[in-house]
Amino acid sequence: MEAVAVAGGGAGLTGWQAAALSAVAGWVWAASSFDLTRRSRALVQPWVTRRVLAETPSIVRFQKVHHKLLDSFFSVLSCVVSVPFYTGFLPLLFWSGHSKLARQMTLLMAFCDYLGNSVKDAVSAPRPSSPPVRRVTATEDEKENAMEYGLPSSHALNTVCLMGYLLHYVLTYGSHDNVMVVTGLSLAFLLVMLVGIGRIYLGMHSLIDVIAGICFGVVILAFWLAVHNHVDAFVVSGQNVTTFWASLSLLLCFAYPKPEFPTPSFEYHTAFNGVAFGIVYGIQQTYFHFHNPDVPLIFSPQLPLIVFVGRVLVGIPTILVVKFCSKALSKWLLPVMCNTLGIPIVSTCYVPALKASEKCKDKSDAKQGGYLQKVFSLFPQKAYDVDTGIRFVQYASLAWSVVDLVPAIFTHLSL
């Protein structure tokens, strides 16, 4: 394809890449100019809210059948199908030799997380009110989930997509018969149903949230199964992969809808956006060294269990050190870069010195200047939360270390 020059850089984007980025940028401009988020919310939110309120008495009656064992079972099940659990499991999948499955599930999770949380914050529909609903939040992760909006259920959406893709992968690349197909489909269906029932039992969602999560999950899964081979081919051998993905990651931050009230959803998106970029960048750089189809698989003579355990014992501390160091470095470096380039910034958490008052912000805005500030003024924010960049960098660094730095250490140590 004919290359299209990137403004301000020496790299070139192909025609479809430029068109994709232009479409996202156009959506950002249109959504801001025509207030599309507020308009769509005004249409959908009242109906969803009425459904949640109408279902509340039914949830209360359903929760009358409760027991500590059921509380524990559904709480554990929610943890097992949660994003933090999958995130912790993915490095092990990479290091066990199943790189294609691991990178596909990582990108699919990032896709699900972005779309699911975007719909949550765009609609801004409430969860079932507690009280009268009994809400069980056994972990800190669940307590943070309870601070998000309700529709759709992320647990239901992610379970449909990830279990569906895992089943597709096993049936595609492994030997199977009709009994295995029926068994796999039955187990996936059972897990989705248990997760949906559990979210209602725990008081985290109403029925409409769960149904919406399942429906969104089916649509996303069908789309992903249609494009996943093209995405994987682009990641491992495409042109301008890093430039395109970095540009897309930046635009997706601006394209994310603003909720009615702040929630942790955008923070989750930023973290997974960083993970996706780190994985893509690392795979692109080291595919033929560490992630090609010929790498040994766990339980093979080349990668026995004891060697895999050694990889885990070396790899986990390494990626945690990388995450800590990248966070510390970006907390110092990003504010300096933004101030140098004239980009107005604030910090809600990571940099106490930037937790300025409105008066200070006005003075800061008045002092900021330059070409980049004029460019950023095209977007809706007056000042940008540098915590978003810090969070992105630390999770991108962590993901990069999983697929690049740590495998290099394994090679050096003959693991």
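Using N, Cα and C of the backbone, Cβ positions are placed for all residues, glycine too.
According to TrEMBL, the domain 'Phosphatidic acid phosphatase type 2/haloperoxidase' annotation covers 102-225.
According to TrEMBL, the transmembrane segment annotation covers 73-95 (among others).
Feature annotation from TrEMBL assigns transmembrane segment to 156-173 (among others).
Annotation comment: TrEMBL describes 179-202 (among others) as transmembrane segment.
The transmembrane segment annotation in TrEMBL covers 207-227 (among others). Sequence-remote contacts of a segment are chain residues at least 6 beyond its ends whose Cβ falls under 8 Å from one of its Cβ atoms, and for the transmembrane segment (207-227) they are 48, 51-52, 55, 58, 108, 111-112, 115-116, 119, 125, 127, 150-161, 164-165, 168, 192, 196, 199-200.
For the transmembrane segment (233-254), same-chain residues at least 6 beyond its ends with a Cβ under 8 Å from one of its own Cβ atoms are 6, 9, 11-14, 17, 20-21, 24-25, 28, 103, 107, 114, 269-270, 273-274, 276-277, 280-281, 283-284, 287, 291, 379-380, 388, 392. The feature transmembrane segment is assigned by TrEMBL to 233-254 (among others).
Tertiary proximity for the transmembrane segment (266-283) is limited to same-chain residues at least six positions away from its ends with a CB under 8 Å from its CB atoms, namely 83, 87, 99, 103, 106-107, 109-110, 113-114, 117-118, 121, 235-236, 241-242, 245-246, 249, 252-253, 256, 259, 291, 388, 391-404. Feature annotation from TrEMBL assigns transmembrane segment to 266-283 (among others).
The transmembrane segment annotation in TrEMBL covers 303-325 (among others).
The annotation transmembrane segment is assigned in TrEMBL to 332-353 (among others).
For the domain 'Phosphatidic acid phosphatase type 2/haloperoxidase' (102-225), the DSSP-based tally of helix, strand and coil residues reads 91 helix, 0 strand, 33 coil. Listed as Cβ neighbours of the transmembrane segment (179-202) (distance under 8 Å, sequence separation of 6 or more from its ends, same chain) are residues 59, 62-63, 66, 70-71, 73-75, 77-78, 81, 135-137, 142, 153, 155-156, 159-160, 163-164, 167, 170-171, 209-210, 213-214. Distant neighbours of the transmembrane segment (73-95): 101-103, 105-106, 109, 113, 136, 138-139, 141-142, 154-155, 158-159, 162, 191, 194-195, 197-199, 201-202, 204, 268, 272, 275, 291, 308, 311-312, 315-316, 319, 402-403, 406-407, 410; these residues of the same chain sit at least 6 beyond its ends, with a Cβ under 8 Å from one of its Cβ atoms.
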